[in-house]
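Reviewing the structure listed below.
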Ligand code: GDP
């Protein structure tokens, strides 16, 4: 049984926590897209962790963690992340890396940094982890696949070819030091030694696992609205954040994904630039930001303050639909306990017309939120384990959101810990 855990919003919905929790009952957890550019915060018996590249199932000894072919694989980062877990007392996880994954190179990080600097005020708000240059190279067919590390002749030829191209841009566009192909080859060979113990034909491995009836989780990074096709292009990430891509990025048949658990946050938060209709500012925003998530809404990768806003039913209904949601995990609800009234965005006003449909970017930029207000519950709901024990106004909020997003909320998360969860069915 394959279950995808994906985000409906702009990322940071709490997928890490839900994955860590569901991994207890799972055999295999797979990252299928993205790279080390976004973080997943997990709090469990070993402490608090910000994972960037490893799937959030690495804390159990019975699980196998897979870096799928769709991931932007930063090899030194992977090794360092594994080491840092072990140093903190986590038993060494069982990790497999797809032989078809492509390698994120140091020059991808450089190009990302140089381009953001060149765009200056018009930048995309990249985390400068090299993700956009990495995926550009993958689709331009000049990326390095893990399997290619074991063919020195091919590496040499490609390293020279890639440097020829990159150096034109480095010299004439960015005016930066040039790449040395011999250095690139040396780097790649050191990567080969680092990654070799983990390399596996993971698609074949998963084929067998599916046949044996293993429980498999696909862990998405970011959310629907950051998808390059269906999100707020161009303020998106460079790989698909959708459950459908899980089939491609893990190498499994699409029809094996039986459950799509979409993680929805009880209010909105976003990092980076882009239209954000229900965004709030000033003291109102500072209060939500400081109370938000676990210890405030600050990026797990960059430490940047996240932009925050009220729950956006228009964006989230769309986000759930485009994921193919079968059930919703509704998270960080506990944070809203301080409010007398909770505004919810139920429509967008664009050029004087109100719509419930999520528009393309140019129209989105013009949208103004249509807000409705729900009464708050004015208490701390952490520690509650039964749905019926939640305050009535809190249940009303959940049920209002459920109706708006047109997807069933099966889990409510009321705290950052593994056990802070209310199962509704
Ligand atoms: P991800 O990228 O979707 O995995 O989300 P992040 O880990 O970046 O952001 C979620 C943040 O919210 C983390 O700091 C979590 O510890 C925290 N978190 C997750 N679920 C809850 C919850 O139900 N309540 C509270 N207060 N914090 C939560």
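Cβ from N, Cα, C; glycine included.
The feature active site, proton acceptor is assigned by TrEMBL to 12. The active site, proton donor annotation in TrEMBL covers 40. Here TrEMBL flags 11-17, 39-41, 306, 332-334, 413-415 as GTP binding site. The feature IMP binding site is assigned by TrEMBL to 12, 13, 14, 15, 37, 38, 39, 40, 127, 141, 237, 304. Positions annotated as Mg(2+) binding site by TrEMBL: 12, 39. The annotation substrate binding site is assigned in TrEMBL to 300, 301, 302, 303, 304, 305, 306.
Structural mapping of features recorded in TrEMBL.
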residue: 14; record: GTP binding site; Cβ contacts under 8 Å, 6 or more apart: 263, 265, 329, 331, 332, 413, 416
residue: 237; record: IMP binding site; Cβ contacts under 8 Å, 6 or more apart: 34, 37, 38, 131, 221, 222, 226, 227, 228, 231
residue: 303; record: substrate binding site; Cβ contacts under 8 Å, 6 or more apart: none
residue: 304; record: substrate binding site; Cβ contacts under 8 Å, 6 or more apart: 271, 298
residue: 305; record: substrate binding site; Cβ contacts under 8 Å, 6 or more apart: 289, 297, 298, 299
residue: 306; record: substrate binding site; Cβ contacts under 8 Å, 6 or more apart: 12, 269, 270, 271, 289, 292, 297, 298, 299
residue: 414; record: GTP binding site; Cβ contacts under 8 Å, 6 or more apart: 333, 334, 381, 382, 383, 384, 420, 421, 422
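Checking the binding-site residues 14, 37, 305 for a CB within less than 6 Å of any atom of ligand 1 leaves 14, listed in sequence order.
Counted over every protein chain shown, other Cβ atoms within 10 Å are most numerous around 127 among the binding-site residues 41, 127. Within 10 Å of residue 302 (substrate binding site), judged by CA to CA distance, lie the following recorded positions from the set 17, 39, 40, 127: 39, 127. Largest CA to CA distance in the IMP binding set (12, 13, 14, 15, 37, 38, 39, 40, 127, 141, 237, 304): 34 Å, whole number. Across the structure, residue 127 (IMP binding site) and residue 11 (GTP binding site) place their CA atoms 13 angstrom apart.
Of the listed binding-site residues 37, 302, the Cβ environment within 10 Å is emptiest of other Cβ atoms at 302.
A simple way to gauge crowding: the CB of residue 333 (GTP binding site) has 25 other CB atoms within 10 angstroms, across all the protein chains here. A simple way to gauge crowding: the CB of residue 39 (IMP binding site) has 20 other CB atoms within 10 angstroms, across all the protein chains here. Cα of residue 17 (GTP binding site) to Cα of residue 39 (IMP binding site): a span of 11 Å. On a Cα basis, residue 11 (GTP binding site) lies 10 Å away from residue 40 (active site, proton donor).
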